[in-house]
Amino acid sequence: MTIYEAIHHLIEDIKASRPLIHHITNAVTINDCANVTLAVGASPVMADDPQDAEEMTAHAEALVINMGTLSERTVQAMLVSGKVANKKGIPVIFDPVGVGATSYRMEVAKILLHSIRFSVIRGNSSEIRALAGIESNGRGVDAGDSMEDVATIAKHLAEQHACIVAVTGQKDVITDGRQLAEITGGHPMLAQVSGTGCMTNSLIASACAVTKDHMSATITGIALMNRAGELGYARLQQNEGTGMFRVRLIDALSLMTKEALQEGGTILVR
Amino acid sequence: MTIYEAIHHLIEDIKASRPLIHHITNAVTINDCANVTLAVGASPVMADDPQDAEEMTAHAEALVINMGTLSERTVQAMLVSGKVANKKGIPVIFDPVGVGATSYRMEVAKILLHSIRFSVIRGNSSEIRALAGIESNGRGVDAGDSMEDVATIAKHLAEQHACIVAVTGQKDVITDGRQLAEITGGHPMLAQVSGTGCMTNSLIASACAVTKDHMSATITGIALMNRAGELGYARLQQNEGTGMFRVRLIDALSLMTKEALQEGGTILVR
Amino acid sequence: MTIYEAIHHLIEDIKASRPLIHHITNAVTINDCANVTLAVGASPVMADDPQDAEEMTAHAEALVINMGTLSERTVQAMLVSGKVANKKGIPVIFDPVGVGATSYRMEVAKILLHSIRFSVIRGNSSEIRALAGIESNGRGVDAGDSMEDVATIAKHLAEQHACIVAVTGQKDVITDGRQLAEITGGHPMLAQVSGTGCMTNSLIASACAVTKDHMSATITGIALMNRAGELGYARLQQNEGTGMFRVRLIDALSLMTKEALQEGGTILVR
């Protein structure tokens, strides 16, 4: 089976089984996360209180934990939900938003990493470097970035936590610690809309909900977002900018076909 | 006066008096609720802290309480706001989002139902069944659904709480415990966008703010959303999906005319 | 240098330096604030917990404090962030949303005004009157509005707090206590979309981040929003209403040119 065949199967399985994706996520992009989850045929639910979250996770087929806006209350919800997910074998996707930026975020990331087994960790280059830094020297700020490239850091982090690590940006790198996938494509305008990273988490989670092959699921989520970015941009009309791009991005996700996806950027697994 | 005449009067009265609609609602769809409230000519305000909410409700012409994302803080705000609304005769619309899903939501729904007199309770079929179950056997999970259809359950709940109960879905049922209205129409794509139920609450509340006939007000809110769904879908152009549908839905609400509304699905009151 | 030349320089400087704009803002329009910040080329970040906010502000080039939805937790975050911003010379933009509406909002506004030196205070006419009232008589409700026009009140408030005060509405007034700028233009539909005031804060903050001339920066932010409103409306097509207006507003911001801006309403500084 080629990677494209794997992706098509996952996309069809999401639509067929409509998995419930529990998000404990930030206030900024929570609506976009709900709408992209629906766009690919899964079912979003949000509950971020410790009293509510644990039981909600138990009903879900995947859990997204996103550090975009934190408080003690939501961190507690992340911990109880993460633990019940681990107990029940529900995949957990972790987005360490802004982890290098404040000591509180570093501290929370550390606690989460040590309390929860994640299936997938997805971040941008500086977030993944900061996460790796927590482990290597406790400082977390771009530790060792002069010496090693981000793929090496991602591989090491993936090995250490026995999970998939995805670094998204101009080029995307996905690794399970052994294999390395590189995805090209997407569009620079994806960086001019808030939350395209967060939305990618929802896509990855929707795919993880229907397979145990989380490497393929992560590739699927990222490839979907990249291709939707290309199509969303291509479909912009005169005088349409970033506002309409965001709308056409969700449109492209909801209308994605096998053929349209395959015409996008390359996926290289080695 | 036909039901359509009643609806037209309510829509005109909203635009003429611009009622203030206080929402204590979830973080996911709060922006959409604000924008649809504005789209029909009412004025939204959101305040979800106990220190702030009570006084805000006292200024409002209607209050929406939505359980989509709960915390102790916002539940306290719901309680103080609901009580002041009852004292001042301000209609309160209740959306028991996900009430069957967790014991915390069941507990909160129970407390709210016993502390606040609601004017309208709106939910989907499983939420209304779960609410009815709280009353009948304390379990809340689809109690008795093998025996009774949802209209019967809704009627019973409406009688018990002396309020309007609306069950929205493929077909919508609205009852005050005696009369039963059925609305057809709408579009399946309404289920592929997050928050169309929450937005319907805002429309119902806007109508309840300008009449004491909450049965007609509830019909108005639901008929508006259904027709906007039909028009929003009809106006989609090539390569437009769920992202644009959501935009065109709000467009249709903001541009709705008497004639456009009347060409939609049927409203049957018996 | 004419005011238009000053504005063009600021817009170019934002794009060149991509300043980080920290928002502690309401849950309703937080996503729109992030997206307009990106639309003009700046970089948004949101962190509203006292444990997280102080350090985040220290990295930022401007801070927005918006009272739209308050809680004890976020008020604490506003205080610690405001103080660190003052210490480091980071400009702070204050939006006293709904300050006249509840005693809690009055109390919080009072504490913020006495604890933080603001660079810019922006509100609508009744909010600025209410703020002025706190100072003059502690009541805060449209104090003295029968005697003085809003420009006089704004000038007095600006003098008292040694900051820029902007009153936005059908006509916009900006003052540093001595000079007075009046901006015409914009479009009435700006009032039919939630959060255009909040989004204006983000634009003002983005400009304040790249200049010490906060009078020009405030004029820039407001002129941008006004012109985007005009263009957004002009670009509406058949059957497009407030939903699409909001999208085309952000489009217009992201595509704004020197020429397009200058063709808008007048800016009069005296």
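The backbone N, Cα and C atoms fix where each Cβ goes, and this holds for glycine too.
Lifted from TrEMBL, the feature list:
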BINDING   A:Met46, A:Gly195  substrate binding site
BINDING   A:Arg122, A:Thr168  ATP binding site
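Positions of the features from TrEMBL, shown on the structure.
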{"residue": "A:Met46", "record": "substrate binding site", "contacts (Cβ under 8 Å, 6+ apart)": "A:His22, A:His23, A:Ile24, A:Thr25, A:Ile30, A:Cys33, A:Ala34"}
{"residue": "A:Arg122", "record": "ATP binding site", "contacts (Cβ under 8 Å, 6+ apart)": "A:Ile93, A:Phe94, A:Asp95, A:Val165, A:Ala166, A:Val167, A:Thr168, A:Gly197, A:Thr200, A:Asn201, A:Ile204, A:Thr218"}
{"residue": "A:Gly195", "record": "substrate binding site", "contacts (Cβ under 8 Å, 6+ apart)": "A:Val28, A:Thr29, A:Asp32, A:Cys33"}
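Checking the binding-site residues A:Arg122, A:Thr168, A:Gly195 against chain B with a Cβ-Cβ cut-off under 8 Å leaves nothing. Under DSSP, A:Arg122 (ATP binding site) is assigned to a strand (E or B) in the three-state scheme. A simple way to gauge crowding: the CB of A:Thr168 (ATP binding site) has 26 other CB atoms within 10 angstroms, across all the protein chains here.
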